[in-house]
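As structure tokens, the structure follows; a few thoughts come after it.
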Amino acid sequence: MPLTRSKSLPATENGESDREKLQSGRSVAGILYKWTNYGKGWRSRWFLLRDGILSYSKIRRPENVNMLSPSDDVRLIGDISTDRLSRMKSCSGRSRRKHHKTIGIVHLKQVSSYRESKSDHRKFYIFTATKTLHLRTDSRSDRAAWLQALASTGGIVPLQSLSGDFSFVSPKDLSISTDRLKRRLLEEGMNESLVKECEQIVDSEFSEVQEQIKLLHEERTKLLDALRQLEMANLEAEASGIHDNAYQLTNHNYSSLRRGKYSECSTSASSDDKQEFEDISEEDEASFHDTKESFGEPDVGSVHTHFKRRTKLPDPAEKERGVSLWSMIKDNVGKDLTRVCLPVYFNEPISSLQKCFEDMEYSHLLDQAYAFGKSGNSLLRALNVAAFAVSGYASTEGRHCKPFNPLLGETYEADFPDKGIRFFSEKVSHHPTVIACHCEGKGWKFWGDTNLRSKFWGRSIQLEPVGILTLEFDDGEIFQWSKVTTTIYNILLGKLYCDHHGTMQIRGNRQYSCMLKFKEQSILDRNPHQVNGFVEDVTGKKAATVFGKWNDSLYYLAPGEGLNKEGASLLWKARKPQPNITRYNLTSFAITLNELTPGLEEKLPPTDSRLRPDQRHLENGEYEKANEEKQRLERRQRMSRQIQESGWRPRWFEPQGESQSYKYTGDYWEARDKRSWDDCPNIFGEFTEEMADCA
């Protein structure tokens, strides 16, 4: 009698079904659905788990699958798998069995792990050092069976969270009693003074042991913290759907791992719901064997989420139109620039909040300053701080457009793990316009607030910054300074250019301070952008001479030597201009500031500058939309003074008495981790007069 398609296998002569017989086998096999690419989606594959090796093959014709012989000692998972095996047995006498080529091999006994999906009860993932397999079963019970089979394989472990409590015995909780020793010694007839001496010896030895345990406790705590940070980095990568070429472990060589093929080569868990994979052909699938020997121990402290940030702005969608500059300026001579409504064509696609972060482009100078001070070289620390203060002006070369004036309460965050810094800024006052910022780096913190006073003078625009910038190192050393005046010349006629001029005093609270003079450029000046100064100690004695150009480099010499680069030491050198020149003349670093990297948008508060519509339209070259949105938001901006006078307070900074300075409250990144933005209004949305009255 021919075998028909059924949900169970026929019984054998002794009454035992083939399914029960197969379930006692040591190997596991079955059909799983494997994600391949967007074009072909999920494809069925024949998987076999045997001796710690998971292999899979293509199924050309599902009705003719013939992967095992009836005598193979294999446990099958899934009704579809057993049905196909039944058909295979019924056809084994009539056709010769065809061997299918194995296209993938995973050595599970090496470094590997697995995890079930949180959003789909049929999906699970297998992670190795070189790839991630995205698999799906037909039911929850089939997935449980496969996970049980994986768990029984030595060497592979389920991914578990480190968020649980890990209790360690604190050295303070350790104690020792010498009462028994004291009684025993007294019983032996020893006098009190000798017994007391013995107790002191025991206490002294125990103190040394306790100190060693304390060091081990601290090292273990640091290791656990590092592992938690590593886990968070992987979870953030998973949540944001990072592609393989945007996330990597440092100190590894991935040159031979076909980095572009994400569906087969991924070093991080992918999102449960967002299947963001690179397109890969079915024929491109390859066998992946054990690579344990080619992977060294990773340096936990150096693991970061690396984005491949963009190198150019989007191509403009529209052709740019010319604007009559004189018609815009003639009625605004002598007025505050921040209160003049200019069309969007005069803006660059970043805000003043993001412009503040541009000053952190050369933050490695502060890392160097921290290291020099820690090693005892306070002079080089002061010199590197001076170089950092000058480096922030390098990006202004050739920048003729003004940044967007932020709305009241507008914010901007910048998390750059590769630079080791986290930056945050907020517009805390509309009249006067004040922007506050806070940045944390490796061993230092930087903060400040700036009130930028600006005036039109017909042929030029003068920008006068008011405010103090503060840099504090972990060892307590503090430096403070204010920015110099910036003037943009030839607004009406001639070549437009900007210049920075004035005196910058960098005051330190310990041994050294610095004085820098930005020379104002004259009409016939053939050597512009000059900066000269010196570092002096607390007695007023000069310790070093500093010279260079704010758009190029800075050097230092011993006092009394001539200003000659040949005998000088380089402190800082500006990076070369990026090749993709636009009319905005943004640096390579500035081009990344308004970028919405993968997974970032859902983490941001509704007040972040990246979500500002007019700025986004301008970046995309949609000039008409940008102008319309700018006019709409400026109508809202005009209500800001009323809102501020009605008792509005900044969300992330608080005013410090009558000094008109602001202090960071310290809870932004904690709120970001929780996505707690309930008290952050949608400042870029629609805004009516009635809403203004309510505010």
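Cβ atoms here come from the backbone N, Cα and C positions, even for glycine.
Segment annotation: TrEMBL labels region 'Disordered' over residues 1-22 (candidates 1-22, 89-110). For the region 'Disordered' (599-642), the residues of the chain that approach it from at least six positions outside its boundaries are 236, 239-242, 313-318, 320-321, 341, 343-345, 347, 349-351, 353-354, 404-413, 426, 430-431, 651, 671-672, 675, 677, 680-685, 687, 692, 695, judged by C-beta separation under 8 angstroms. In terms of DSSP secondary structure, the compositional bias 'Basic and acidic residues' (600-637) contains 28 helix, 1 strand, 9 coil.
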